[in-house]
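Report on one structure; see the data block that follows.
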Amino acid sequence: MQTNTSILTFPNDLPRAVSLIQSGECVAVKTETVYGLAADASNENAVKAIFKAKGRPASNPLIVHIASIDDMEKWARDIPERAYLLAKHYWPGPLSLLLKKQPWVSDTVTGGQDTVVLRIPSSDDFLALIASSGRGLAAPSANKYKFISPTNAEHVLASLNGRISAVVDGGKAEVGIESTIIDVTTDTPLILRPGPIDHHSLSVVLGCDVKYKNDGGVTVPGSVLQHYQPNTPVKLLSRTELESKTFSFEEGVISFSPMSLSVMQDNHIQLPSTPAEFSQSFYDALHQIDKKRLTCVFIEALPNTDAWLALNNRVSRVAAS
Ligand code: TXA
Ligand code: MG
């Protein structure tokens, strides 16, 4: 068992990170969405090490990150034209495509599914690591199972210090929430996880209807209701409820509407009121609240509009009990 995790920075430490990946170790690295925990997707033991470090169930598959559209065929078969359309439009970027897998892709990566999810991320650090190591890199978010996703290197260490070889400190992840996942194997493309790229934009680019997969069951194996959770208990309250509440000094608030509350000022995190800017700081706000060891954090219920859909998806899981 490693006792601590090296902190690397690129470009200086790129050769060291590449050699760790090539010898089957896990390295956390910034993507534009959140930090990912990367390992060689074609090395069975390396992929198993990701599951072990996170404490993640084996049935919950991993996204394979590649550096070029030409690499899609290494991992996926029967790739429909619309997958190339999306890849050319959005990659590198926060869109993950679910495709039929090539037979050789290991069940450990896909959680036993007949499909594989692919993405070209846009962060320079991650692209350099994929290209220089010359392989596809499996990477879930770099946090313990069900815990808050990390948007900087400190968040990664709060969760995985001593459990992984290294983290590449590339500063803050710009987008702040996980990629949109879309299944393009079905007649009507299905959004499996809402994210930074929204339904409208996808249907315009594809020139066809796009639906949300919402069959009442667990659609994406990892989409359990309790997810992205801080250690601090969370409750959702409306603005009016927050404004009329009397808070104890051990309670905190995360809000997006400017408001003055009876909560201690240090325990009130006021986030920006646009969805894109809120996303950039939301997980960091949860990490900050956890450090204060409060008895409860109240999150202002978000607007029920399309623009806030991906964030409502995350907030409802953060608050699920
Ligand atoms: O932005 C992101 O997507 C980040 C960065 C690191 O790329 N990754 C990320 O990975 O959020 P993870 O493992 O935390 O979430 C990926 C989700 C999981 O819920 C997983 O079940 C689903 O994608 N997934 C992956 N492969 C799948 C497959 N073959 N079939 C169905 N769902 C799949
Ligand atoms: Mg995750």
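Numbers run from 1 along the shown chain.
A Cβ is built for glycine as well, from the same backbone N, Cα and C atoms used for every other residue.
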Of the candidates Ala83, Ala139, Ala158, the one that TrEMBL places in the L-threonine site of Thr33, His65, Arg119, Ser179: Ala139
Among Ser68, Ser141, Ser201 - the residue TrEMBL places in the same ATP site as Arg56, Asn60, Thr115, Ser149, Arg193, Tyr228: Ser141
Subset of binding-site residues (Thr115, Arg193, Tyr228) lying within 10 A of Ser179 (L-threonine binding site), CA to CA, in sequence order: Arg193
Local Cβ density at Asn60 (ATP binding site) - other Cβ atoms counted within 10 Å: 17
Cβ-based isolation winner (fewest other Cβ atoms within 10 Å) among the binding-site residues Thr33, Thr115, Ser141, Ser179: Thr115
Neighbourhood of ligand 2 - binding-site residues from Arg56, Arg119, Ser141, Ser179, Arg193 with Cβ under 6 Å: Ser141
Other residues, Cβ within 8 Å of Thr33, His65, Arg119, Ala139, Ser179 Cβ centroid (L-threonine site): Thr31, Gly36, Ile63, Pro94, Ser96, Pro121, Phe126, Glu178
Length of the line joining the Cα atoms of Ser141 (ATP binding site) and Thr33 (L-threonine binding site), in Å: 9
